[in-house]
Amino acid sequence: MANYKKPRFKDAAFKRFLSVVLGTLLLVSLLVVSLGTNATPGSSGLDEGLSESVVNIQSFREKLNLPKENDFSIRLEKQNRLPPRNIDLYPRLAKDHITIVLYVHNRPQYLRVVVNSLSKVVGISETLLIVSHDGYFEEMNKIVEGIKFCRLKQIFAPYSPHVFTDSFPGVSSKDCQEKDDAGKKHCVGNPDQYGNHRSPNIVSLKHHWWWMMNTVWDGLKETRGHDGHILFIEEDHFIYPNEYRNLQLLVSLKPNKCPDCYAANLAPCDVNLRGEGRNSLVAERMGNVGYAFNRTVWRKIHGKAKEFCFFDDYNWDITMWATVYPSFGSPVYTLRGPRTSAVHFGKCGLHQGQGKTNACIDNESVNVQVDDTDKVANIRPEWDVKVYQNQPGYKAGFKGWGGWGDNRDHRLCLNFAQMYH
């Protein structure tokens, strides 16, 4: 009997041991899945109203001292979390697609031209178009909602001065105006280097660009896991039909043809030029018309948030040329083709917007010549690279045009750099 009971005892002990092991493994598996779900960039918590995760994000933003949101800005935040449009028409994006970001203000006549030109781009249906609005303007929104030629996502800057009509970042009754003396007037604000106080319509240009960059690269679930190139264009950039195919070629050629190039550009840095027309690629200073770079470059830019946010110039591009790029320690080159694939047009600045009596485009049209060679890819892999050095333009040492002296704008800008980290 003793010989019989002993094995049964071992049997029972083994079963208990096995159940404990299995239970432990199950618990560990559930914990791993839970952690993985919380850390996955594609989690759906941001897509369903003000969920617990969104409340946590808002709590974190309050710690950053971001302006207290009003009902309008909260609604825009919710809009930003909606999934892209036209997924039913374009259920799959191309594996090597290059996301296009179009940032706009309030020039509907311009936007119609740009949207029409984008609709004719070869390969546009393969990618995602993100339209970033500086505030909310009904006519602009209707134009964008009518886009059916590709997958589309809209985002709206919730901290735009155009969203805050009676408080910062907009204008409050206590704000200093023009060249007011804050001490004598008992008003709020810090003047720029020329003695001028902030103008919300002016500073919104730089704020929108910086908010958009941080949101696209680090905030949106559609792009925050994307390491490849993203193309950025404005509402006054006419896009040629071969833009997308040329850009794909430039991105693929850049590592070998110009390993020191930070970006690819659709147009010359001098917006008045249309290219040289010769059989050669071009490496030159980075331009502001149709530029594309990857996450590695974004990380370098993001690491210079302090330089960007404290430089006294309301223009994002001049800020980049005069302080951010020089801080990289080496020339910032971009690669482009010998013929432009995008053109800057129009006669209104971004800060002017579209009034009821003034038109940004004569006869609601633009006269951009598109030749047959502009309708197909016209870049050749066998071409050499012509490097332009010591080009004219804004450089280190330029002190800025001002308009960006208020400490509140500096803090808001720095907070944009931290709101997703």
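Yeah, the Cβs are placed from backbone N, Cα and C, and that goes for glycine too.
Features reported for this protein in TrEMBL:
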BINDING   Asp134  substrate binding site
DISULFID  Cys176-Cys187  disulfide bond
BINDING   Asp236, His344  Mn(2+) binding site
DISULFID  Cys258-Cys261  disulfide bond
DISULFID  Cys309-Cys413  disulfide bond
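Taking the features listed in TrEMBL, we show where each one sits on the structure.
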| residue | record | Cβ within 10 Å |
| --- | --- | --- |
| Asp134 | substrate binding site | 28 |
| Cys176 | disulfide bond | 19 |
| Cys187 | disulfide bond | 16 |
| Asp236 | Mn(2+) binding site | 24 |
| Cys258 | disulfide bond | 21 |
| Cys261 | disulfide bond | 26 |
| Cys309 | disulfide bond | 21 |
| His344 | Mn(2+) binding site | 16 |
| Cys413 | disulfide bond | 22 |
Between the residue listed as 'substrate binding site' and Cys261 (disulfide bond): CA-CA distance (Å): 30
Cα proximity to Cys258 (disulfide bond), best match among recorded positions Asp134, Cys187, His344, Cys413: His344
Integer Å distance between the CA atoms belonging to Cys309 (disulfide bond) and His344 (Mn(2+) binding site): 26
